[in-house]
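Taken verbatim from TrEMBL:
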- 1-20: signal peptide (SIGNAL)
- 191-387: domain 'Peptidase M28' (DOMAIN)
- His207, Asp227, Asp289: Zn(2+) 1 binding site (BINDING)
- Glu262, His366: Zn(2+) 2 binding site (BINDING)
- Cys333-Cys337: disulfide bond (DISULFID)
- 423-491: domain 'Peptidase C-terminal archaeal/bacterial' (DOMAIN)
Amino acid sequence: MVMKKTLLALALLGTTSAYASLGIPTSTKDDVWITTDADASHLIAQHGATVFPGISNKNAVVAKINPKQLAALSSHMHQAKNRCGGYMVHESKSAALKASSMSKVISTFEKPVISHQDTVNPLISQVEPQNIVSTIESLMGFTNRFYTTSTGIAASDWLLSYWQEKIEGVSYASARQITHEEYPQKSVEVTLLGAKYPDEIVVVGGHLDSTVGSWTTEGTISPGADDDASGIATVTEALRLMLSTGQQPDRTIKFYGYAAEEVGLRGSQDIAETLKEEQANVISVLQLDMTNYNGSAHDITFMEDYTDSNLTEFLKELIDTYTSEITYSSDRCGYACSDHASWHNQGYPAAMPFESMFSDYNSHIHTSDDTLENSDPTASHATKFAKLAIAYLVETSMDEPDAGVIELENNVPVEGLTAGYGDEQFFVFNSTSPGKVTFKIDGLPSGDADLYVSYEKDVNVDSFDCRPFQNGSREECVFDKPAGQFNIMIRGYRNFDNVSIIATFEESSEAGFPLDLASGEKGEDGEASISLTWQYDLTESGDYFIVKRDGVNVGATDYTEYVDVLEHDGTVNAEYQVCTSTGTCSENRHYNFLESN
């Protein structure tokens, strides 16, 4: 009834004067471009929007609107169209035109082989519902998280601090806030830099703002527990689990808490547009918006519009593989229902698993009653999304294991190894901090398995940092190294069977025994001599020292001193390291002697 009266008033009063008489702000020089579904053109007109029929199309409407009407438009969309948001705000006419022509579905995501069961299964069992509850409660503690209020700003500051605590001490992790020009609330980003493919980016996010509609101001109660504290809490738990592996991802992962989602997906649009302008290679995007209200008979609903169908199917395959007890279905949520649409608009593969069928979602959202008690106080429903999120992150950010290469875990033996003469078996071990790493093989004396180990490079019979040269199948290599990757090979010198290998790691504050460059002389005959001394006691029988210059072996000795003689052309520039024959190494020391001017 209210809608009919409003339309009648507009018809009787005319254009600008009609909007003014109803208290609707008229157009100004600060008007913003928006796009929405074609079936919502009459609705945006009720908020003083100027629709441009000539550049609209059958799927989407292009318009300009007073920014003061955005919150009211969101509320009206929610009530009349059963949509969250339902429109996108753009910085220019050209951006609006681009968004009006985006297809509803793309299929560009290249599905990787699901191959990280050894990592994902333990992580799924470690999801803690109470962590999700705690994060939701903390976000509910803000009076509201609206994009223009002081508490909305404070919520962003809190999330930055909260995520910074999670990544403290992780060398490959960073956190920052992202400033948006037209409103004060900032988005929050955590980046886990990829070890192998840092330019390939995997994204997961939710929005940190909350609203109760056009009347959200300072002091308005808008807890936003389900919409979308639940999504931020789920993202946070996925971040914790990813860090708990102690393993740097192969691809870069970005975790987002988007600002200003409720008023046109503004934060996520800024971010997606910026990455597109930078030609960033975003592999996939997972949007978590409302995860803690079980409103339908099944657990998870995948939205099929403005998403990538291949990515959606991949997420379903992850559920079938790792959490087959979770049930799912599909639905549509309409134009710009959440931040995944921002990424989709830039051509990036995006997907959105949702808490229910769209017609069944939590009726308390956008009200003061959107509390934990009115969704799931135990967060058992959001836990299902956290399990999916961590499976998604591992399988998309980690490279597929090399065929035939076995990944060793700390203090977990691999047993029953059998091979013939000349056969080779390969292993890999990743240390996450400086420390002592020991590799040991053991087997029957009748066979002879040879152990080869390389640090941060390929291993083969001609490339290794440790090769004990012992008879039989009992050999050991010990390293003191910074965090890094060890590549291991066991090769049959004679046939062997029932051999085991184990890697053990002991963390230490220092990596490498002291090495001193005692002196250096540069002769006029083109020869230079560098004197090295070090402190280390050989404890293994038959052990000796290997001197390396620029990573290449240049000498061996039983003593704790060595003089390296090398040719020079006026400049000496070399890096030295001394290692025992069983793999324990000194610190690196650099010697530099420049040619005189």
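Each residue, glycine too, has its Cβ placed from N, Cα and C.
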Pairwise CA distance, Cys333 (disulfide bond) versus Glu262 (Zn(2+) 2 binding site), rounded so that it is a whole Å:
15
I'd like the number of other C-beta atoms within 10 A of the C-beta of His366 (Zn(2+) 2 binding site), please.
22
In whole Å, how far does the CA atom of His366 (Zn(2+) 2 binding site) lie from that of Asp289 (Zn(2+) 1 binding site)?
13
With every protein chain in view, what's the tally of Cβ atoms within 10 Å of the Cβ of Asp227 (Zn(2+) 1 binding site), excluding that atom itself?
31
Run through the domain 'Peptidase C-terminal archaeal/bacterial' (423-491) and tell me, per DSSP, how many residues are helix, strand and coil.
0 helix, 42 strand, 27 coil
Take every residue in the domain 'Peptidase C-terminal archaeal/bacterial' (423-491), average their pLDDT values, and give the whole-number result.
89
